[in-house]
Amino acid sequence: MLDDRARMEAAKKEKVEQILAEFQLQEEDLKKVMRRMQKEMDRGLRLETHEEASVKMLPTYVRSTPEGSEVGDFLSLDLGGTNFRVMLVKVGEGEEGQWSVKTKHQMYSIPEDAMTGTAEMLFDYISECISDFLDKHQMKHKKLPLGFTFSFPVRHEDIDKGILLNWTKGFKASGAEGNNVVGLLRDAIKRRGDFEMDVVAMVNDTVATMISCYYEDHQCEVGMIVGTGCNACYMEEMQNVELVEGDEGRMCVNTEWGAFGDSGELDEFLLEYDRLVDESSANPGQQLYEKLIGGKYMGELVRLVLLRLVDENLLFHGEASEQLRTRGAFETRFVSQVESDTGDRKQIYNILSTLGLRPSTTDCDIVRRACESVSTRAAHMCSAGLAGVINRMRESRSEDVMRITVGVDGSVYKLHPSFKERFHASVRRLTPSCEITFIESEEGSGRGAALVSAVACKKACMLGQ
């Protein structure tokens, strides 16, 4: 009897593995994704193909990295998701002549009506938060230079001027797309009239992360975010950046690689679950690469896999709870928690219980395998993109072996128990001629924006502006 049951459990697990095998990517698959990513990057950089390229390769006008001589107080704003952060950054000489960066910050959550109302409502709310922060720190009387981390696709015309191309991540505030974001912020500050600010720089969160990590390690020339969304930036040779005049030196390019796949480059790798996630998203047909990796989508992918296993009578005796059938019910943090389970399955059992399920031991094991399959594919897909960037940098610099540091931020990278190990191992397999160091950014977005502002202020002083 026991043997029969054991055989049935083994057969069930084997069927589960057959279904989950769809998520496995072979090294040849990853090399294919990497080569296609490089081709799209090239198209994004070139003037004649930029418009139709899915990977936009947006110039950021960040050319210099901090040298350690900029000092002063800077205000930093960070808008990239449902939370908005205001930070005071003091850049100065530390002990023994070292450079020191001290920060104080406060988080504000953005109400739904500000995210989806008008641009005026959104930026009025942001300036209200700045006003509140300055009151708390008794700094209303000071006109501070301000660095703005704005983590949406922007076409820069200068370091302090950028046109919002399109909202992502659930934002829909009308009247912002096609307009200068810094102008919208300046107008809102003017409307309030109770404080003055000098907006000197606007950067993407990947750029802010790279600059913040450069402060720790001067070989950091790539910034990457794996959180709600997924994106990367890197220092490109100016001669390859056709959208900006000049051939000397390097400029940081914001790849906006989340949109890779929007022209069909990933079609052969998309599964039924991916198509369902895409169809029910706020932007169907867009940001397809990001939807395979980002935390906004990972939990939902797992939920759809679990429903398939229920329908195949391989999980929960073929019956799903009402909660499990509800879109968004299986949160991405559950994926991390399930994979963090120590082996007694308590954590998995508790999560499934909150979803109205009474799982068996085998159910718990199957749910864990589903989570591992989805998150491992995410790590491997992400590795193909980064390997594409790094191999490109090595080739354009004609280096036999390139040493490089990548600064990384984002909740999936930082909080998932195995993502970074799987990701690092896969990147290294795909970049055999590179020695890569990964560092995690601390308060990256805010500190990085302030350091970019410090560079901009120093330049302005040198130019006598």
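We count from 1, first residue shown onward.
Note that Cβ sites are derived from N, Cα and C of the backbone, with glycine treated the same way.
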In Swiss-Prot, Ser151, Phe152, Thr168, Lys169, Asn204, Asp205, Asn231, Glu290 are given as binding substrate, so which of Glu128, Glu256, Glu265, Glu268 is in that site too?
Glu256
List nothing but the one residue from Val335, Val412, Leu415 whose Cβ has the fewest other Cβ atoms within 10 Å; the candidates are the binding-site residues.
Leu415
Val412 (ATP binding site) - helix vs strand vs coil (DSSP):
helix
Neighbours of Asp78 (ATP binding site) among the binding-site residues Ser151, Thr168, Asn204, Asn231, Glu290 (Cα to Cα, within 10 Å):
Ser151, Asn204
Residues Ser151, Phe152, Thr168, Lys169, Asn204, Asp205, Asn231, Glu256, Glu290 [recorded substrate binders]: greatest CA to CA distance in Å:
16
Using Cα positions only, nearest of the binding-site residues to Val412 (ATP binding site) (Ser151, Asn204, Glu290):
Glu290
So which other residues, same chain and not among Ser151, Phe152, Thr168, Lys169, Asn204, Asp205, Asn231, Glu256, Glu290, have a Cβ within 8 Å of the centroid of the Cβ atoms at the substrate site?
Gly80, Pro153, Thr206, Ile225, Gly229, Gly258
Around the Cβ of Ser151 (substrate binding site), how many other Cβ atoms lie within 10 Å? Please give the count over every shown protein chain.
24
Rounded to the nearest angstrom, how far is the Cα of Glu290 (substrate binding site) from the Cα of Thr228 (ATP binding site)?
9
